[in-house]
Amino acid sequence: MAAARHSTLDFMLGAKADGETILKGLQSIFQEQGMAESVHTWQDHGYLATYTNKNGSFANLRIYPHGLVLLDLQSYDGDAQGKEEIDSILNKVEERMKELSQDSTGRVKRLPPIVRGGAIDRYWPTADGRLVEYDIDEVVYDEDSPYQNIKILHSKQFGNILILSGDVNLAESDLAYTRAIMGSGKEDYTGKDVLILGGGDGGILCEIVKLKPKMVTMVEIDQMVIDGCKKYMRKTCGDVLDNLKGDCYQVLIEDCIPVLKRYAKEGREFDYVINDLTAVPISTSPEEDSTWEFLRLILDLSMKVLKQDGKYFTQGNCVNLTEALSLYEEQLGRLYCPVEFSKEIVCVPSYLELWVFYTVWKKAKP
């Protein structure tokens, strides 16, 4: 599958740019490649030169008067000869700019090329909006369920990564996530009743079952997540997803809201409730309102099925999203019962950003 390879080269000159001199100095590099030239000029805004090749590759050279010079080149990623030509152009432009600027170049920045439209999507944003290129080399699983798109991609560093509707959820390398959302090794699960909301990758269930609980109930709405993970995420889930019932656990393929309401009505209580459903929304925009309402409902229902001395564990979001985390903490003060909370910041390998986890418990009755 042919893809577009987008390369960039930036110069920040130490003085104002003589656009005409730079343009004339670089023209021969593109002409040597047989590229046709089109130049636009603005009296106070510099130059834009566009160079096109017969093979479809092209380059944009933008020269700003204040000293910023930008070069963008695009070619077919599958064209080995075209790649060599682009690399040659970049090298020659960098050398020529050093000559033209007479060593007044304050900064040169050459980023790795971005490959767009490839068979394997290697680019995923962090929660706070930064672009990350993963070392993805294989699409292991890609299916649409009635609820979401499910991808499992293989990373050379992180192993298989579960991605749900564009959000990086968990990689085989991410035991740190599972440990954090279970209390970071500080809890004794022996003989305890545990409720997991979500958790379709099986990581939490797999780790808790090892700790000899009385019973673990996991409520996951999406059977296809379980099916994909039990086949391709076995380093995370082991064999616990092979059967929906075991000696000390059961997996319910249901929406957790009706289940929580049913348990609350029955008066059923748990020592631990672990919410692995979704991260804290990043804003209070109208598009996010339904997610905030969902989180508030989950919190209230979870407190109703949590024992007085029990604990509720959940993820927050990226540590940089301070406003979103503060809004979540405000919600904790609006529950039907008074609660206290603590938080922990953990490095989850595949997230490539620090992540916040919460522990919530009911205030002691006077």
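Even glycines carry a Cβ here, placed using N, Cα and C.
Copied from Swiss-Prot, the annotated features are:
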MOD_RES   A2  N-acetylalanine
MOD_RES   S57  phosphoserine
DOMAIN    122-362  domain 'PABS'
BINDING   Q148, E220, D255, C256  S-adenosyl 3-(methylsulfanyl)propylamine binding site
BINDING   Y177, D201, Y351, E353  spermidine binding site
ACT_SITE  D276  active site, proton acceptor
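Features as recorded by Swiss-Prot, highlighted on the structure.
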residue: S57; record: phosphoserine; Cβ within 10 Å: 22
residue: Q148; record: S-adenosyl 3-(methylsulfanyl)propylamine binding site; Cβ within 10 Å: 17
residue: Y177; record: spermidine binding site; Cβ within 10 Å: 26
residue: D201; record: spermidine binding site; Cβ within 10 Å: 30
residue: E220; record: S-adenosyl 3-(methylsulfanyl)propylamine binding site; Cβ within 10 Å: 26
residue: D255; record: S-adenosyl 3-(methylsulfanyl)propylamine binding site; Cβ within 10 Å: 12
residue: C256; record: S-adenosyl 3-(methylsulfanyl)propylamine binding site; Cβ within 10 Å: 22
residue: D276; record: active site, proton acceptor; Cβ within 10 Å: 24
residue: Y351; record: spermidine binding site; Cβ within 10 Å: 21
residue: E353; record: spermidine binding site; Cβ within 10 Å: 16
Separation of alpha carbons, E353 (spermidine binding site) and S57 (phosphoserine) (Å): 36
Per-residue pLDDT averaged over the domain 'PABS' (122-362), given as an integer: 94
Residues Q148, E220, D255, C256 binding S-adenosyl 3-(methylsulfanyl)propylamine per the record - widest CA separation, whole Å: 16
Integer Å distance between the CA atoms belonging to D201 (spermidine binding site) and E220 (S-adenosyl 3-(methylsulfanyl)propylamine binding site): 10
D276 (active site, proton acceptor) and D201 (spermidine binding site), distance between Cα atoms, whole Å: 10
By Cα-Cα distance, the member of recorded positions Y177, D276, Y351, E353 nearest D255 (S-adenosyl 3-(methylsulfanyl)propylamine binding site): D276
Integer Å distance between the CA atoms belonging to C256 (S-adenosyl 3-(methylsulfanyl)propylamine binding site) and Y351 (spermidine binding site): 26
Using Cα positions only, nearest of the binding-site residues to D276 (active site, proton acceptor) (Q148, C256, E353): C256
Pairwise Cα distance for Q148 (S-adenosyl 3-(methylsulfanyl)propylamine binding site)/Y177 (spermidine binding site) [Å, integer]: 22
